[in-house]
Amino acid sequence: MKGPPTFCSLLLLSLLLSPDPTAAFLLPPSTACCTQLYRKPLSDKLLRKVIQVELQEADGDCHLQAFVLHLAQRSICIHPQNPSLSQWFEHQERKLHGTLPKLNFGMLRKMG
C-alpha cells in the first residue's frame, strides 16, 4: 500500500511547490474558442439578455476574432462586423455616457 499514498504525496508536493497551480497537471487547461460566427441581425430580445461581452482575439489559441455574448444559459459567438452588434454597442455607450459623464470612451476603445 505504499504506491497510492506516495503518488498522492508527490502530486501534493508538486502543487505546493509550483508557482502556477495549473502547471502541476500534465494536461493544459482547455480553452473554449468560437468555431462558427453568427452573422445575421441580432434581436432586441436577445441583446437585452446579455450579461457580459468578451472579445476573442485571433491568436495562437483561437483562430477567429469574435465577440462572445454571454447570456444566462449560453454564449453566442458574433462576427465582429455584425451591424446590429455595432448599433447595440453605440446604444450602450450612449446609455453609459449619460450615467458616467467623465468616462472617456475614446480611451476605452484604444485599450480594448
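Quick reminder: no glycine exception, Cβ is built from N, Cα and C everywhere.
Sequence annotations record features per position, and here Swiss-Prot assigns signal peptide to 1-24. According to Swiss-Prot, the feature disulfide bond maps to CYS33-CYS62, CYS34-CYS77.
Sequence features, as recorded in Swiss-Prot, placed on the structure.
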residue	record	CB count, 10 Å
CYS33	disulfide bond	15
CYS34	disulfide bond	20
CYS62	disulfide bond	16
CYS77	disulfide bond	19
Sorry to bug you, but what's the C-alpha spacing from CYS34 (disulfide bond) to CYS62 (disulfide bond), rounded to the closest Å? 7
What does DSSP call CYS77 (disulfide bond) in the simple three-state scheme? strand
